[in-house]
Amino acid sequence: MRLVNVSYSYRRRAPTVLRGVEMALAPGDVAEVVGANGAGKSTLLRLMAGLARPTAGTISGRPVVVGFAPDRFPAEQPFTVTAYLTHQARIRRARFEPWIDRLGMALLMNERLRDLSKGSAHKVGLVQALMAEPGLLVLDEPFAGLDADTRAELPAIVTEVAGRGGMVVVSDHQGGLRGLPSVRRWAVLDGEVKESTGSTPPVTAAPPADVVVTVPADEVPAFMARMRGDGYQARELDRA
Amino acid sequence: MIALTLFRLAAFARSHRVVRALLPVLVLLALAYGVRAPLGQEVTALTDTAVLLVPLLAWSARSLLDTEPDQQRAISATAVGSPSREVAAGLLAALVVTSAFAALAVVWGLLLGVSELPSRGELAAAIALHALSALAGTALGALTSRPILPSPALSIMMLVLGFMAMLLVSLSPAAWLTVPLGGWMRAAADGLLTEGLPWLAVPSLLWPLLGLAAYTRLRRARP
């Protein structure tokens with residue numbers, strides 16, 4: 001996916017929010033978008049998700065299936081969690097059930113959306129974005145308000161999406177993806193987007209050590225994803 | 001896209017906004033058909049109601065389109081594959097609601113509003129006018145919905161003014177500039193509705209379709 005000389009302003013004569021953005025994403029890339037409030041992070045994300053058209057420039061190569069979770073889930077809708085997700089699953093022709101346990105939502109399913117806490121509502125937003133195996137996953141401030149378990153799970157989910165060739169773009173100023181290896185960092189400043197060249201800081205400064213862990217074969221993918229999600233270099237040695 | 005249309009209809013029904021939209025329609029029907037029209041006045045009575053329904057159906061269409069929170073619109077657009085499909089699903093849902101209300105008006109009118117059923121040709125013409133009324137209402141409602149006119153006060157004012165303009169212009173020499181609501185009423189009063197309908201149908205279809213095209217175009221810059 002490629003952004004060529006992309007500019008955006010809300011109205012014809014309004015000041016440009018973004019200008020001259022040149023970026024490319026390859027399958028499996030994870031990009032973290034950082035910048036001050038109001039710098040244009042959300043606008044960049046909406047452009048990438050195809051929700052807004054660039055005022056100038058082009059965006060090409062967007063995958064067919066896009067998952068988008070806004071920074072604030074619109075909870076003022078007359079549905080229970082189950083009813084809402086059932087509708088979304090029909091629209092996307094996908095299944096939401098596998099995500100319920102993973103995000104710890106089993107007890108929320110009969111709640112009305114408007115009764116949910118901010119973090120719980122946010123999870124509903126994540127599930128609808130994730131359920132159709134998106135080729136491009138766009139998450140706007142996904143770590144805000146989440147409980148510790150889900151915060152810890154999210155890097156693993158991002159790694160999984162990237163692992164099967166999806167692209168992931170996350171805006172975040174809480175450093176929630178800091179542990180992931182090879183995250184690209186895009187900084188939005190004064191309407192321009194620059195990729196910072198500094199590599200991800202290592203999780204620890206201590207010398208590396210190899211550890212062998214024995215895991216039931218069917219749990220291997222999840223385990224590997226979790227370890228990678230935590231920022232460790234994990235590889236499989238042997239499946240007996 | 002059909003799944004998204006059903007989602008929007010479900011939200012409209014479950015939020016009880018459908019009641020707020022239906023209530024004025026029921027009031028209009030109760031007033032219009034409170035007394036059965038005298039013999040020979042069937043077509044006039046049905047046509048007058050079709051004209052007066054336009055702003056109420058516009059209100060219903062706008063109410064349905066505005067049920068969805070802005071962020072949900074973004075979610076829906078990614079879920080259904082593109083913003084243009086999201087726009088189409090919304091318009092389809094609005095058209096379903098306005099058509100259902102217009103159908104209710106026809107049935108109510110025939111059961112309680114007339115002394116005698118009109119001839120088959122006149123009945124077909126009256127049904128066609130109600131369908132055109134639903135289309136005109138959908139277009140006016142879409143053009144005054146939140147993505148186009150974010151201020152509620154301005155939006156309601158434009159809805160009412162839009163209908164008044166439609167009515168007044170259609171009674172003036174420049175009637176071809178709008179949906180010929182005045183022409184509908186005049187043709188019905190003169191007993192010429194069945195013969196005149198094909199001519200009236202052209203501008204009655206053209207202007208709402210242009211309105212919907214304008215809405216679709218405007219929505220490209222207002223996702």
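Keep in mind that glycine also has a Cβ here, set from the backbone N, Cα and C atoms.
Taken verbatim from TrEMBL:
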type	residues	note
TRANSMEM	B:21-39	transmembrane segment
TRANSMEM	B:45-65	transmembrane segment
TRANSMEM	B:86-111	transmembrane segment
TRANSMEM	B:123-144	transmembrane segment
TRANSMEM	B:156-176	transmembrane segment
TRANSMEM	B:196-215	transmembrane segment
Original post:
Restricting to the same chain and to residues at least six past its boundaries, which positions have a Cβ under 8 Å from a Cβ of the transmembrane segment (B:156-176)?
Top reply: 51, 54-55, 58-59, 62, 136, 140-141, 143-144, 149, 182-183, 203
Original post:
When only pairs 6 or more apart in sequence are counted, do the transmembrane segment (B:45-65) and the transmembrane segment (B:196-215) reach 3 or more Cβ pairs under 8 Å?
Top reply: no
Subject >> Positions whose Cβ lies under 8 angstroms from the transmembrane segment (B:196-215), at least six residues beyond its ends >> reply: 87, 91, 125, 128-129, 132, 135-136, 138-140, 142-143, 145, 148, 175-176, 178-180, 183-184, 187
**OP:** Could you give the residue numbers and ranges of same-chain residues that sit at least 6 residues beyond the transmembrane segment (B:123-144) on either side and whose C-beta is under 8 angstroms from one of its C-beta atoms?
**Re:** 43, 46-47, 50-51, 53-65, 90-91, 94-95, 98-99, 101-103, 105-106, 109-110, 117, 155-156, 158-159, 162-163, 166, 179, 184, 193-194, 197, 201, 204-205, 207-209, 211-212, 214-215
